[in-house]
């Protein structure tokens with residue numbers, strides 16, 4: 001069991017300085033280089049005399065400089081806020097307005113001017129290439145993040161177009177990392193898939209369990225996933241033994257009939273998080289990878305990546321048509337939120353409340369949103385997840401959907417109200433609402449927008465292309481609806497509100 005994240009990672013540079021920490025398509029960096037780069041970045045941050053305790057925004061791609069920057073921020077005593085380089089410029093400005101970062105560090109050219117101090121890519125790259133023998137000692141000028149200090153802040157979807165920054169402390173993260181190390185029999189020095197963008201908290205499931213164990217983060221760039229044939233040629237060269245992704249990404253890989261144990265002979269563990277794992281998909285995976293340990297995990301960003309897990313076996317598949325999401329990790333309690341339960345199919349269903357060492361202190365600079373979702377519970381934090389679930393007598397947990405207008409699509413958490421906000425702010429649109437389309441396993445497969453255009457649409461294809469382009473400039477790519485349906489008007493309830501239930505029923509009647 002480790003006691004400090006940074007100490008554990010830096011120790012690898014002493015024990016195994018030449019071991020590979022980061023592998024980006026064959027471009028590798030060692031633990032010695034990781035320590036030298038992060039130390040140099042930490043000292044450079046300290047020399048800027050930025051306000052103590054304020055977070056640092058990192059415009060983050062998937063290259064080595066990004067994780068060196070994360071560690072440099074933490075060594076300098078600042079939480080980092082990862083913002084993916086594929087984000088629209090409005091996302092950057094929104095987060096800057098909410099977070100008031102002490103500094104913005106750009107791993108790539110910024111698409112927009114931001115207030116405050118900026119470290120540009122040229123300066124960062126010079127620091128990243130600091131020779132190991134010339135690295136400064138941050139202990140002379142920096143106090144690192146510890147205990148309840150924020151370690152990272154990840155922004156998730158918000159209901160009014162304003163994202164919410166989830167504050168994760170050092171000790172929140174430590175609880176998660178120690179659980180991963182203790183309970184899953186991971187390989188020593190694992191080669192772990194790093195596929196998720198760093199602004200998505202699924203990335204943390206690979207990042208810190210791997211680096212604290214002296215393993216190698218094996219990066220799969222976003223660009224490599226757009227061509228299935230090229231992806232299938234690349235994956236066997238990565239020599240992975242631990243796979244971390246959403247179920248949707250694995251489902252895409254399984255479209256290739258040759259993707260299986262023969263192509264991935266070293267693979268011993270598969271971890272899923274971020275969306276529901278179906279019985280059908282799990283069965284396909286176990287058929288392709290019969291010797292692998294397959295884990296279904298569950299957890300919102302607000303509780304540090306995952307708080308429950310279970311190994312999926314053939315016996316479990318035959319017993320549960322809808323798979324369980326596991327048992328709560330040690331020291332964590334998951335139960336029904338008071339007053340939230342009802343009966344469905346002779347089962348008690350209610351909103352899941354999570355209490356334990358992984359629960360966040362709340363949303364950055366949003367006391368109203370924090371008070372609505374977080375409480376203190378006998379000295380520990382509790383989070384009302386908004387997830388409906390079943391808690392069996394032995395503590396086994398089952399997911400049963402959402403209590404609100406939030407969905408998961410391809411692992412990304414999307415507030416439908418935020419999508420609606422952007423749709424209705426678009427000059428080409430008079431009125432619009434977004435609704436989910438489900439598959440037979442009750443997973444969201446598509447986001448559908450019902451749109452009343454400002455003018456009559458004569459060419460739907462051209463109009464949709466224009467509309468999608470304009471929305472992509474304002475919204476995260478994964479939030480843009482995949483399908484647009486044009487109407488003269490939208491149905492209303494007796495209270496003159498848009499009849500969202502009727503529209504959901506319409507798009508799902510043949511699902």
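For all residues, glycine too, the Cβ spot is worked out from N, Cα and C.
Listed in TrEMBL:
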BINDING   156, 157, 296, 297, 298, 299, 300, 301, 387, 399, 400, 401, 402, 497  ATP binding site
BINDING   201, 305, 497  D-alanine binding site
DOMAIN    11-364  domain 'AMP-dependent synthetase/ligase'
DOMAIN    419-497  domain 'AMP-binding enzyme C-terminal'
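Shown here: features listed in TrEMBL, placed on the structure.
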residue	record	Cβ contacts under 8 Å, 6 or more apart
156	ATP binding site	163, 164, 166, 301, 413
201	D-alanine binding site	154, 166, 301, 304, 305
296	ATP binding site	272, 277, 282, 309, 310, 312, 323, 324, 325, 326
298	ATP binding site	273, 306, 307, 308, 309, 325, 326, 397, 399
300	ATP binding site	354, 383, 385, 386, 387, 413
400	ATP binding site	344, 349, 387, 388, 389, 390
402	ATP binding site	386, 387, 388
How many helix, strand and coil residues does the domain 'AMP-binding enzyme C-terminal' (419-497) contain under DSSP?
23 helix, 25 strand, 31 coil
Go through 305, 387, our binding-site residues, and report the one whose Cβ sees the most other Cβ atoms within 10 Å.
305
